[in-house]
Protein chains: 2
Amino acid sequence: MAYTAPLKDMLFNIRHLARIEQIAQLPGFEDAGLETAQAVLEESARFNQDVVAPLNEAGDRNPSSWKDGVVTTTPGFKQAFEQFAAGGWQGLQHPADFGGQGLPKTIGAACGEMLNSANLSFALCPLLTDGAIEALLTAGSDALKATYLEKLVSGAWTGTMNLTEPQAGSDLALVRTRAEPLPDGRYKLFGTKIFITYGEHDMADNIVHLVLARVQGAPEGVKGISLFVAPKFLVNADGSLGARNDVRCVSIEHKLGIKASPTAVLQFGDAGEGAIGELVGEENRGLEYMFIMMNAARYAVGVQGIAVAESAYQKAAAFAKDRVQSRPVDGSVAASAAIIHHPDVRRILMTMRALTEGCRAMASVAAAAYDAAHHHPDAQVRKDNQAFYEFMVPLVKGYSTEMSLEVTSLGVQVHGGMGFIEETGAAQFYRDARILPIYEGTTAIQANDLVGRKTARDGGKGAKAIAAQVEATEAELAASGSADAQAVARRLAAARAAFVQVVDFIAGASRSDPNAVYAGSVPYLLLAGNLVAGWQLARGLLAAEQNRAEDPAFMQAKIATARFYAEHILTRAPGQRDAIVDGAASVTALPLEAF
Amino acid sequence: MAYTAPLKDMLFNIRHLARIEQIAQLPGFEDAGLETAQAVLEESARFNQDVVAPLNEAGDRNPSSWKDGVVTTTPGFKQAFEQFAAGGWQGLQHPADFGGQGLPKTIGAACGEMLNSANLSFALCPLLTDGAIEALLTAGSDALKATYLEKLVSGAWTGTMNLTEPQAGSDLALVRTRAEPLPDGRYKLFGTKIFITYGEHDMADNIVHLVLARVQGAPEGVKGISLFVAPKFLVNADGSLGARNDVRCVSIEHKLGIKASPTAVLQFGDAGEGAIGELVGEENRGLEYMFIMMNAARYAVGVQGIAVAESAYQKAAAFAKDRVQSRPVDGSVAASAAIIHHPDVRRILMTMRALTEGCRAMASVAAAAYDAAHHHPDAQVRKDNQAFYEFMVPLVKGYSTEMSLEVTSLGVQVHGGMGFIEETGAAQFYRDARILPIYEGTTAIQANDLVGRKTARDGGKGAKAIAAQVEATEAELAASGSADAQAVARRLAAARAAFVQVVDFIAGASRSDPNAVYAGSVPYLLLAGNLVAGWQLARGLLAAEQNRAEDPAFMQAKIATARFYAEHILTRAPGQRDAIVDGAASVTALPLEAF
């Protein structure tokens with residue numbers, strides 16, 4: 001089935017929730033108003049629908065393969081990536097200084113969603129490259145920037161993130177890859193990195209590995225980790241490619257999903273000579289820099305969740321309109337009818353749609369905060385937006401990816417038995433999505449961040465500031481007076497109250513009873529994500545009521561979807577509060593030996 | 001990883017919840033007391049752990065294959081099935097008259113769980129054979145019984161259920177396979193059946209297809225469907241195998257999971273001559289007979305959900321005890337520790353465990369009701385137990401299989417990145433489980449049954465009788481006085497109240513507003529299943545408190561798990577009530593053209 005980009009919904013968010021016209025007031029974004037957004041999104045839709053999406057099922061059936069250290073991607077991927085680079089898509093959000101287009105994240109995130117809806121496996125290569133670019137922009141020397149950035153921004157070369165080792169997954173303190181200083185200031189790297197996405201492939205001339213390693217003699221733990229650049233091919237002074245570096249892909253993984261994206265085991269120093277690497281920034285500050293890449297990547301992985309949910313929804317809705325089976329219970333059709341006439345199928349499709357639109361709205365607003373945090377002339381506004389964005393990152397990553405599991409599973413269910421047959425394609429979304437709550441920090445890691453750095457550290461102040469904004473929306477809904485707005489306001493208020501109670505619980509007990517607080521960390525993240533997504537849909541409802549005349553059918557759909565979300569998804573929040581606040585002790589009541 | 005049958009938990013349920021000693025009072029079950037149960041379960045555990053479980057991963061990697069109409073199963077399956085037959089496992093619950101052991105379902109269901117935990121794909125063959133046996137026992141003529149039953153009960157031959165056609169999935173009214181009467185009273189069958197589990201294989205000498213078809217001139221719709229037996233090889237008068245029947249396997253499906261079990265497309269009458277079939281029972285009563293098979297199979301598929309959840313839990317718990325990553329938040333371990341020390345990992349494992357044990361307890365009690373419904377001397381007791389069992393079937397099928405999606409997904413999550421690698425094995429459970437809420441009637445079909453036949457038809461009387469039993473347990477919990485019992489009573493009361501409100505809503509609106517009622521059908525099923533599972537764990541808590549001295553650690557674990565379930569799973573119920581009762585209109589508010 002063809003993918004059709006949800007441009008109307010994206011532009012609705014960009015205009016009414018992210019408020020692009022305010023972003024276009026910021027220095028550097030003068031040309032990035034609604035018209036630009038629309039033009040860029042339309043072009044992105046065409047490219048992804050026509051070039052990238054047709055390769056999605058082929059990539060699943062005919063994944064990347066490894067032979068003697070060489071990885072061959074699915075036929076068509078290399079050509080599509082050349083078109084991607086030629087179209088300037090890699091540089092969308094990156095600075096014009098290095099050949100990028102310097103567009104706001106508010107626009108870039110929507111384009112990222114389309115790329116990922118079209119093909120999650122393909123999209124991972126640019127996603128990781130974006131992370132490498134961010135790290136070099138932030139911490140790289142001028143020489144490193146000059147060597148690498150233009151090539152990465154143009155899509156001539158691609159980037160990777162080398163964190164994980166067999167014994168070091170979530171726990172980077174356990175990283176053992178070692179860096180030996182050379183007399184010329186460079187280093188030799190030795191070690192094994194696993195789960196390296198696009199760690200080896202045939203789509204670009206060079207691969208720029210960003211690698212966490214320990215310099216000899218560095219402190220134990222995370223304080224002794226440094227960040228290095230180690231390209232597949234060394235780069236000569238004139239920018240041409242030199243010798244093959246001593247980093248080899250010794251195998252790729254056999255995975256549940258995203259099969260077209262090669263997941264490499266990389267051996268640094270396999271030939272004994274060591275892979276030549278250059279230090280990024282200062283020694284022992286690697287983790288700090290890596291978090292820059294990770295934070296960009298975490299937001300982007302959240303968008304992947306939205307993207308795969310959208311694809312699953314589109315396929316399920318198309319099937320439900322086409323598949324004829326059984327008479328409707330209300331007697332509205334006398335014979336067997338398309339299954340979309342059945343209330344339960346409608347409930348499933350509405351759940352898929354509401355979750356997807358809710359997370360999209362949340363991500364769009366988070367992107368706008370990022371743009372303001374980086375471009376607003378007023379320092380306090382920048383600071384406030386940064387705080388808001390940082391609170392949103394674990395929600396965009398954690399909630400959107402967890403919801404993508406629910407949505408892609410429901411997508412299989414709509415298809416009945418056909419959903420279990422691989423040729424149908426619904427199962428691929430179910431398999432592909434399963435990595436999203438795991439990589440770039442599991443949902444538990446996101447939740448630790450949300451609980452520790454984002455909630456407990458300031459005694460819940462930032463979290464309550466968001467709750468106050470939700471409350472303001474409730475007041476606007478009450479003032480609107482429509483039955484839809486009233487119904488949404490009621491559920492939003494209950495969810496917000498639940499959220500505040502959990503915030504108080506966390507702020508009160510994070511030191512005295514950390515086990516109790518962290519026992520509820522993931523449910524807290526899900527509650528918070530649920531609230532924020534429902535809140536943004538509620539803001540959308542208000543905007544749709546105010547702009548109804550522009551496009552009555554679309555605006556009515558936004559209103560109906562917001563109400564469905566409030567009544568069917570926000571209603572989960574009070575139960576989550578009960579489990580977190582009253583049920584903490586039972587999480588750890590069973591002794592270890594009883595498992 | 002090796003599977004270890006949860007014998008203690010099974011025997012706890014059989015003794016304290018299903019009350020095997022009462023079943024052993026029933027005529028025909030005199031020898032089926034606790035000692036027998038223990039002996040049979042131990043033997044079943046040995047067989048499934050040693051013979052069947054080791055073939056599970058092999059079946060996934062090397063699925064059944066098709067060539068020129070011949071299906072070859074995974075190496076080892078044929079030999080294991082011979083051992084299964086030789087051990088008498090196929091006949092466990094079937095009448096001694098036909099060579100079975102005539103044991104209660106209370107014991108048989110536990111053995112079924114072990115077989116399915118060991119290998120879902122392998123277990124499907126006996127599962128379908130059980131259904132064919134049930135149908136022949138209920139509706140078959142003496143001649144059909146004489147020809148087929150002993151062979152099926154002994155495991156010499158296997159059985160299939162042929163319902164689905166390309167245009168007829170959930171909607172059997174659309175069945176088109178036709179039966180032409182022959183002068184000798186037999187029929188010739190022509191048509192295509194799809195999704196036929198073990199429709200062709202090499203594990204037994206003959207395959208007995210039970211087939212839904214229309215006799216020429218029969219009424220339209222479900223009232224014109226008859227049931228036929230059409231074996232792969234015709235059977236001579238002396239019981240020996242005769243000519244190959246005109247039914248061919250034209251292909252098998254490429255599936256998301258349960259890959260070792262061949263899912264056949266069967267062509268009846270492919271060679272033009274028609275497949276010879278014999279009528280089961282009377283013409284045009286096929287659907288009624290098929291429901292006998294389906295009801296047995298639905299319960300069994302519910303048990304499959306419990307089984308795969310148990311396997312996923314065991315693998316995840318073992319991994320969590322072994323994998324070292326990060327320091328515990330409470331500082332209890334100074335260095336990186338096994339991840340089971342992390343509260344969120346504990347929360348995940350407890351969720352997996354509580355859901356699995358809750359559904360197991362529910363299934364055990366349902367099985368006991370089935371046994372009483374079939375064997376009790378008092379007609380009223382039989383009737384009451386039958387009503388209870390029939391209410392339980394959609395819950396056992398629907399809730400246990402939906403929960404298996406949650407549990408197998410959590411199982412992947414515990415493994416982190418390793419969970420996404422196929423070799424780990426966690427992903428297989430995630431893939432295998434996905435068919436369970438679909439086949440033998442999707443969750444929506446189960447929910448229609450629960451809403452229509454089981455709740456609305458008697459105005460909610462049966463449902464409220466169950467609520468009254470729950471309330472009695474709440475009173476016992478209150479009387480017990482322990483903090484655990486109090487906490488469980490509180491959550492049970494809230495969930496039971498939510499259930500009753502939904503029952504009132506359904507009984508009140510099922511005629512006046514069927515769309516509103518069926519919009520909440522699946523959430524109602526999930527709420528009801530949640531309540532009953534939590535209720536049975538609460539009964540278990542009381543039994544564990546009373547029998548604590550027997551095995552203090554085990555009994556304490558039952559208590560802790562029941563409390564966790566109450567605080568983390570039962571707390572979902574009030575939100576479900578809100579969505580069902582207050583949110584019905586928003587399910588169908590969006591017009592069809594907006595999707």
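Think of each number as a place in line: the chain as shown, counted from 1.
Each residue, glycine too, has its Cβ placed from N, Cα and C.
Features of the protein shown, as given by TrEMBL:
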type   : residues  : note
DOMAIN : A:37-155  : domain 'Acyl-CoA dehydrogenase/oxidase N-terminal'
DOMAIN : A:161-270 : domain 'Acyl-CoA oxidase/dehydrogenase middle'
DOMAIN : A:284-450 : domain 'Acyl-CoA dehydrogenase/oxidase C-terminal'
DOMAIN : A:467-591 : domain 'Acetyl-CoA dehydrogenase-like C-terminal'
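In terms of C-beta pairs under 8 Å, the stretch of A:37-155, A:161-270, A:467-591 lying closest in packing to the domain 'Acyl-CoA dehydrogenase/oxidase C-terminal' (A:284-450) is A:467-591.
Computed over the domain 'Acyl-CoA dehydrogenase/oxidase N-terminal' (A:37-155), the whole-number mean pLDDT of the model equals 97. Broken down by DSSP into helix, strand and coil, the domain 'Acyl-CoA dehydrogenase/oxidase N-terminal' (A:37-155) contains 85 helix, 6 strand, 28 coil. Under DSSP, residues within the domain 'Acyl-CoA oxidase/dehydrogenase middle' (A:161-270) fall into helix, strand and coil as 7 helix, 55 strand, 48 coil. The DSSP breakdown of the domain 'Acetyl-CoA dehydrogenase-like C-terminal' (A:467-591), given as helix, strand and coil counts, is 110 helix, 0 strand, 15 coil.
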